[in-house]
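Visitor: Got these off TrEMBL a minute ago, pasting:
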type	residues	note
BINDING	CYS17, HIS30, HIS184, CYS188	Zn(2+) binding site
Amino acid sequence: MTGPPDDGPPDDGLVRCGWSDGSALYRDYHDQEWGRPVRETTALFERISLEAFQSGLSWLVILRKRENFRRAFAGFDVETVARYTDADVARLLDDAGIVRNRAKIEATIANARATVDLGSTDLAELLWSFAPPPRPRPVQLSAIPAVTPESTAMARELKRRGFRFVGPTTAYALMQATGMVDDHLQTCWVPPVTAQMH
């Protein structure tokens, strides 16, 4: 018999990165998404937005509200969010299903506009241009950096292009989440990114 969905590790015998223990949402995110290459604009914009909303909060809070974020931000359709007005900001500030932080809401709208303003430059091409060369998976969580020269350069370029709430730490979290770096531990069952790309 198994416990409630958010209690303890599953009985599947798989070794995971330690941060994913204790919650079915964390496990599913770890097993199915985190570290997998993402190159589609809507999916990348969603990750940028959620990473910005996560700043200062637990990632579990964001995962629990993810479907609400998708509903509130039109499925993270860049063109639609770029057209949001002050009335949309007010609507979002009243939406208890999301994180109601004016600066983060306004940053998400600004980031949609900045994405549209990229014009012929593809968001994936821009973001992935900062991906570092592959490196061995870390042995332990303490070996994973919070910031790298690449994430610092990405944050600087995004800021230059009008993006907000994407500092070097958030940029590195984005790199991890979208497979630009593979920070699954060496003992983790998830196949290496290079294996996923072939």
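Every residue, even glycine, has its Cβ placed from backbone N, Cα and C.
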Visitor: Just counting, how many other CB atoms are there within 10 A of the CB of HIS184 (Zn(2+) binding site)?
Guide: 22
Visitor: Cβ within 8 Å of the Zn(2+) site centroid (CYS17, HIS30, HIS184, CYS188 excluded): which residues?
Guide: ARG16, TRP19, SER20, TRP34, GLY35, ASP183, LEU185, TRP189, VAL190
Visitor: How many neighbouring Cβ atoms, not counting its own, are there within 10 Å of the Cβ of CYS17 (Zn(2+) binding site)?
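Guide: The answer is 23.
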Visitor: Reduced to three states, what secondary structure does DSSP give HIS184 (Zn(2+) binding site)?
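Guide: In three-state terms, HIS184 (Zn(2+) binding site) counts as coil.
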Visitor: Inside 10 Å of the Cβ of HIS30 (Zn(2+) binding site), count up the other Cβ atoms and send me the figure.
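Guide: Neighbour count, Cβ to Cβ under the 10 Å cut-off: 20.
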